[in-house]
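Colleague: Handing you this structure, nothing more for now.
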Amino acid sequence: MAMLEEEFGVKQSGLQEPLLDGEEEERINGELEKKPASLFASAGILSLATYSWINPLLALGWRKQLVIEDVPGLAPGDQGRALFRSFDGVWEGLKGENLEQTPSIAWALVKTFWVSVVLMGALFTVTVFANFVGPYLLDDLVEFLHGRRRYHREGYVLVSCFISASLVANLTQSYYSLAMYQFNCRVRTCLTAIIYRKSLRLSSISRQHRTTGEIINYVAVDVERVISLSWWVHDLWILPLQIVLALAILYKNVGLGAAVAAFVATIATLLFNSPLVALEGRFQKQLMGAKDARMKTTSECLRNMRILKLQAWESEFLSQIEKLRASEYECLFKRMYTVAASTLILWTSPTIVAITTFGTCIWLGVPLSPGRVLSSIATFAILRQPLQFFPELASLLVDARVSLHRLRLFLQEPELPADAVENGGDCELQDIAIEVQNGVFSWTADVCDEHLPPTLRNVNLRVRKGAHVAVCGQVGSGKSALLACMLGEIPKLEGKVRVEGQTAYVAQTPWIQSGTFKENICFGRSMDEELYEKVLQACDLKRDIALFPFGDETGIGEKGINLSGGQKQRVQLARALYQEADVYFLDDPFSAVDAHTGSHLLKECMMGFLASKTVIYVTHQMESLYSADHILVLRDGVIIQAGKYHDLLQTGTEFSTLVTAHNKALDDMQMNASMNNDELGYQQDDHFRRSVSNGGSHLGDEMTRIETHEFQNGDTAPINCDEVAVMASEKLLMQQLVKDEEKGTGNVPYHVYWTYSTVVAGGAFIPVYILSQMAFQASQIFSSYWMAWGTSSAAQVSMNKLISVYSLLGASGAVFLLLKTITLSMTGLKAGQKYFTKMLRSVFRAPMSFFDSTPSGRIISRMSADQETLDMLMPFSLNNFVNDLIVVMGILALMSQITSHILLLVLPIAGGCILFQRYNIATARELARIGRHLKAPIINHYAESIAGAATIRGFHQEERFMDLNLDHLDRFATVFFHRGCVREWLTMRMEMLTVIGYAFFLIFLITIPQGYVSPSLAGVAITYAINFGTALGSLVLNVGALETNVIAVERILQYCTLPSEPPLVIENARPARTWPSQGTIQIRNLQVRYNAHSPLVLHGLSCTFNGGEKVGIVGRTGSGKSTLIQALFRVVEPVGGSIEIDKLDISTIGLHDLRSNLSIIPQDPTLFEGSMRINLDPLGKYSDAEIWKALDKCQLGDIIRGTGKKLETSVSENGENWSVGQRQLVCLGRALLKQTRILVLDEATASVDSATDALIQETLRSEFSTCTVITIAHRIPTIVDSDKVLVLDNGRVVEHNSPAVLLQDQSSYFSKLVMEYSTQFTENKTF
């Protein structure tokens, strides 16, 4: 019992101290604290034996709909930290035994949980022996019914043995199932945790060919396949034991010769099936590869759905996914029909073995009696179950082997070396914070390839503590790589790197977690109100928070979808400041903010909060270089200059080129903005300074108070979709952006079952399937009766006729089985395919508001785990349910033939079973639903962690995120475990009721007068009644499994009927092929809101952009800039007014016709995994010459040629092997290829240096000279030479005129903005 208590975690102590703190963890920990203590751990022996410890949960589930907080916690020994600590110790020990090879995952699990494995094996062994007691004694009982009496009260002794064996078998089977649920929880937690930890440690090389979708597939699919095998792991050795026991009984009944024949027939069927198992393994590997490819593309499309819609690419990428699904479906088809063939062989194998056995008896002259025949048939019936499940076991074994191999390969992937960066060291250099000596680094770690030189070469630098070092250079020069080498992110080929103290990292591409504003800033650190307020002030976030509907408790959507680019940048900067680190690595922190905010960040953050900290920052903003203690200039991966600002200017090389380009941009702007005399310029500057001192500010990225217009209706601010932030008017909504996931309640609606049953051919195959199953079961029962009757003394049947009819009945059963199997396989496959296609198309046609408010993990969960359930589990669940139901009905019908009085007992037993089931199902169903919904947070956490792995490592927060992952797993595990316990509670009580009925039936048979019933018929009834309890228990389990699996259908159906965007093409309203020919945009009284309950974002906006004009749009966050662009692309539909392009109302044409004739270069550049050719021309419209021409124009031609692979140059997931600036140039290349009459640039050059920006602007002026170009930019030189400038405020046009006219009015908003930008550079010189 001590071992039992230790293994099951009863009354054991575990980790008591909290391992997590911070706002993000408090949400989960709060839920865990609300949970009842572990009922299982505190239960007594009797309570454990009868499952009465689960009664409080069942009572609560009967009274109310359960939520996660209602589910009791796990026993201390089953919690994630304790489990993973044990497993990791074993894993590391095995790795140490053989450093050259990754250990076996299966062996590591067995070594960790060997006590569980042994305990389950012992319980299963007792169950097997107890199950064979009935067949062993059946011959004696049948002979007793024929009148043989060997000793006093023989009948009662036999019945007592039957009932005792049934009780023991039921109890041990139940306890075995309980132990298996616990074992599965442990295996899932350990495997998922080690995959998560590995994903945080992957090297840059590994990440290039291990995509997020693939890694998520390991958790969503491969781990579950290993779990599925663990249910049957003991069958691998129990099956031979069952065969030995069966042969022993056959030897007793029919002698050695027939027993040997039965053994040979059994082995022959297994051997005949082995090629199918091998074939299934091959198909399974192909299937998993196809599934990985589909999920990789699907997850990439979901992450980048906005750009797909803006570029009118969604149909092409939808087609790609459907093609990948077609390949997956082909593998599914082959695998399913291989399984069907294997099932046919092994389900008919008991009949084949029986025919062989009885035929051998007749051939050898062994006398057959009803008792011997029925005892043998009962033995075959027990043997039938493992043989029937052998195809599934073989399938699961193949699946698990493939999955374990895939997981092992993943765990073999190279990791970031732990010693890549030294921390601390030489006592003589205590004043040095960062040191790099003779550093050579490469993202590809391949210096032997002449086409792939090292990313960084000859890096030698020392940074003193408290120094501020700026890093600059042109696009692709290696600036971000320099930070990466100090963080240990880039493979080190040579040299030494040392960093002293705690680090913090701000990535160039902002990484924002789903959660609240406050959680993102605190980032696991406990709340310090004083520090928190200082950070908010330094990052200029207080005004943003004041306008959020829930303040800093406002939920942030996935990837910060409801924040502007500037807000995301400032949030992650605040996150770094709040950690109070020693060394800060900032990668282009000012790129997404306007001049005023950049100046604020420079003063308050760099020169204030971080004044005493060591800071290494990459920047393209020349004005931020004055304050740097040291400047590094990079070109082609080499530090070519280092020194202070004025010293570097004197050298006249690369740095001088960058500054000259920046000064030229300023000169051009000032030339456009020049006044007639210096006095006017002074007055403007003085006016601007008074404006600032009086609370005025800019009209750029950040939220300010410049003469904010007040309107009677109070509608001021919009919600954000791309750039626009959540504003004050959104408080009227009082709701978070990300809604709780839709979850069904109560019984799964019957229409879900009906829809699934009729989705293929209107359900025409269902009657065929059911009738085939009934005919198969009838042939089994009648063949048993035929053999029992034919061998009785009353029958006058020749042995040849006896075996011939039996064989004919067996063959007819095989035909019905074949028909049933084919019908099931065909309908299951087609149903899964129809649901997938409908869901996929519904998702791709959904509006962007759906993707903004729905974490991608929810969608991925349905397209991976739920679709897997539909493809693989749902057909078998339905088959098992129907099979068990027909078996139970057949047994009841057979027993009622003996005596109709049995029905008098069956009715109350059935009534009791129904009452137990109804009481139980309320809890079981909700636990199943909660479990399904708890998978999405795990997947979301995985996806976010993989995307932000560099940031997590930069803050050294791997351990905290690992703990957070284990908390997610514990929440899922406690629901899974208690769902299993609830099921076993029901199974035990129902089996006890069936034992009572079984006992009554047997007692009735031994007490009635001899000859009252046919002994042969009674023997057949007993033969099948032996397995009645097992069949009924299996029916109950399969009812639960079916209802659990049909939840996947319910969840997929939710995404099959999503609201849809307007049609892509309207055939009778297609524009001319030359449209738009002029590019004139007329906006009339445009009114836009994001949903029916939100306020207006654009308030009757009216303006005209003439064809060929260059229009710059400015305005503060919430002014409506991005909303106007979204309305132009019909990402949001107007509620009033219209937009006309060349006098054609865009609301009257299809979305594809509109978007394919517009071009946009977004603020967040998007690249897809694949080749450079695919990224530039995903639709395959252009020739190589045209693509090269576009690359040359966007300054990428020479870089692509230098890779050696040219247009086939690889692009990794999210384009991570290219710098952000280079990604923006690729987006420019797309626009150059598309050559539409209207081009929109949304902060398209924010991440490039001034020189490259000037080249891009020159390219735009020359290549789009006759096009309408609409530009949103924070760099004033980018828009100051526009033909027109549109100034927006609160969704209204404030100013719309040429820059020259607006600049003549010193009080105009645009004039203030220009003067602010021009004075910022001068002011910064004094810092």
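Just so you know, glycine gets a Cβ as well, placed from its N, Cα and C.
Below are the features listed in TrEMBL for this protein:
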type	residues	note
TRANSMEM	37-54	transmembrane segment
TRANSMEM	113-134	transmembrane segment
DOMAIN	118-399	domain 'ABC transmembrane type-1'
TRANSMEM	155-172	transmembrane segment
TRANSMEM	231-251	transmembrane segment
TRANSMEM	257-279	transmembrane segment
TRANSMEM	344-366	transmembrane segment
DOMAIN	434-661	domain 'ABC transporter'
TRANSMEM	753-771	transmembrane segment
DOMAIN	770-1044	domain 'ABC transmembrane type-1'
TRANSMEM	802-819	transmembrane segment
TRANSMEM	885-916	transmembrane segment
TRANSMEM	992-1012	transmembrane segment
TRANSMEM	1018-1042	transmembrane segment
DOMAIN	1081-1315	domain 'ABC transporter'
Colleague: Return the stretch with the most CB pairs under 8 A relative to the transmembrane segment (344-366), choosing among 113-134, 753-771, 802-819, 1018-1042.
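Modeller: The stretch with the most contacts is 802-819.
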Colleague: At a C-beta cut-off of under 8 Å, are there same-chain residues at least 6 beyond the transmembrane segment (992-1012) that contact it? List them, or none.
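Modeller: Same-chain residues near the transmembrane segment (992-1012) but 6 or more away: 144-145, 147, 155-156, 158-159, 162-163, 166-167, 170, 895, 898-899, 901-902, 905-906, 909, 912-913, 1018, 1021-1022, 1025, 1028-1029, 1032-1033.
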Colleague: In the same chain, who gets a Cβ under 8 Å from the transmembrane segment (753-771) while lying at least 6 residues past its ends?
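Modeller: For the transmembrane segment (753-771), the far contacts come to 819-820, 823-824, 826-827, 830-831, 834-835, 874, 882, 1046, 1049, 1053.
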Colleague: Cβ under 8 Å to the transmembrane segment (1018-1042), counting only same-chain residues 6 or more beyond its ends: which ones?
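Modeller: Long-range Cβ neighbours of the transmembrane segment (1018-1042): 131, 134-135, 138, 141-142, 145, 162, 166, 169-170, 173, 370-371, 374, 377-378, 381-382, 385, 781, 784-785, 788, 877-878, 880-881, 884-885, 887-888, 890-891, 894-895, 897-898, 913, 917, 921, 924, 928, 983, 986-987, 990-991, 994-995, 997-998, 1001-1002, 1005.
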Colleague: In the same chain, who gets a Cβ under 8 Å from the transmembrane segment (113-134) while lying at least 6 residues past its ends?
Modeller: 3-4, 6-7, 161-162, 165-166, 168-169, 172-173, 175-176, 179-180, 182-183, 186-187, 233-234, 237-238, 241-242, 245-246, 249, 378-379, 382, 1026, 1030
Colleague: Can you give the mean pLDDT for the domain 'ABC transporter' (434-661), rounded to a whole number?
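Modeller: Taking every residue of the domain 'ABC transporter' (434-661) together, the mean pLDDT is 83.
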